[in-house]
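Here the structure is laid out as structure tokens; the discussion comes afterwards.
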Amino acid sequence: MYGPHPFGYDTGFYRRYLLEPFISFPNAPVPGLGDDALVPRMLLDVLRFVHLSPDVILYGSYVAFFVAIPLLVYVLLVPTLGKRGAFIAALLIALSPIQYEAYWYMFWKNAWALCLLLGAFIAIERRWLLPLIAFDALIALSHKTTAIIYILILFIVLFIQGRRLETLMHIGITGVVLSLVAFSSIHSVASGARPVALFIDWQQFLWLVLPSLLILAAVNLKLREITLPRSVIAFCIVTLTYPLLILPFYERVFLFSDIALLILAAAAINHMLEYMQNREFSLRTWLYMGVLCISLGLFAGNFLTEIRSNVPLLPPESIEHIEEIGTLVPPDSTILTSSNEAPWFEGWTLSHITAPGMLRDTHSLPEWQALWAATSSELQIQFLADFDHPLYISTLDGFEYLIGTPSSCLTALTPYLLRDDCEH
């Protein structure tokens, strides 16, 4: 619909991993797939053996995850909501505008870890001890945020169902494995750093979940009569509370919060349909019908709006230019580009990429601001000397916005590519 590369900002980081020479298992980490993403790296390494193109491997696996998520939700909910209620939940999740937004952003690790999380819930409900131990380790080795959410969910499960010693064991396994691979990042958060993650904000989230909130408001106290798996109840408590507390990476947790609200909304819709089937028309029947029409209309409108508005950040022609630049630049060189373009240069070239405040850049914001405000070429030459050489500067947005007016010692190779030939 939007060309061969329709996805958002993180695409290039994952694609770069598949472009790197395969020299170990798992292969060396790259930005977006660091040491704490051991299982995703191993999965991509295994998929390399099918000898398909990086795009087919990356996009095909990603689509498979988003197909698996509603299917796993269906399997999880059938015992309590029945086939109809579980199907409604799966359908709402498959057509959710927030899930589509996450899909567009290329949250590959999130989607993979969410599949594992739902698999863990199924194992909890069916008391599959050994598979659940495997899920404990897999989640911890796949995605930090999902692992933290999972541990919090297990703490809630600890208090709302039996088998407390067993649940404590799963908390311990997940916590120990997570601390082994993500100690430094967890320590930085605990010491006061407050990281944020690129995704939708509160205003957009509330607008996109408004249909679910309307449905839940219509059912109101009748929700207490609806039976859900205890793991799902714990999931709803954690994922709806976490963003309210503005905890680290809460923006990415909106992805989970949306699923929680959609499961509750599906249970409420199932209750409405049962009520309308088994009773004569009444004021409540008309209320339910009206709320369903308004809510589902808003839901469909939001979904179509997301599809129309989330176009690729870079058009296909721009990616073709970047691929061409990649053929002109030696693989062991450094390319300085803009922060907006860095993921695409990372994913469609084999050079070392640096950008303001990203990847291999070691400059502070005041240093960049001094460069942008400078009027002499001496400061620019001195600034560029700090990067690893050979150094190339490339951007499709105009060099002036990246480094200021290029110095005469920067050789133009194409309209979008400069080589640093200055004496440092």
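From the backbone N, Cα and C atoms, a Cβ is placed for every residue, glycine too.
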Listed range which TrEMBL flags as transmembrane segment, given the options 85-104, 285-304, 365-384: 285-304
Proximity of the transmembrane segment (130-160) to the transmembrane segment (228-247), 3+ C-beta pairs under 8 angstroms: yes
Among the ranges 56-81, 202-221, 285-304, the one whose Cβ pairs under 8 Å to the transmembrane segment (228-247) are most numerous: 56-81
Long-range neighbours of the transmembrane segment (285-304), counting only residues six or more past its ends (CB under 8 A): 92, 95-97, 100, 207-208, 210-212, 214-215, 217-218, 265, 269, 272, 275-276, 279
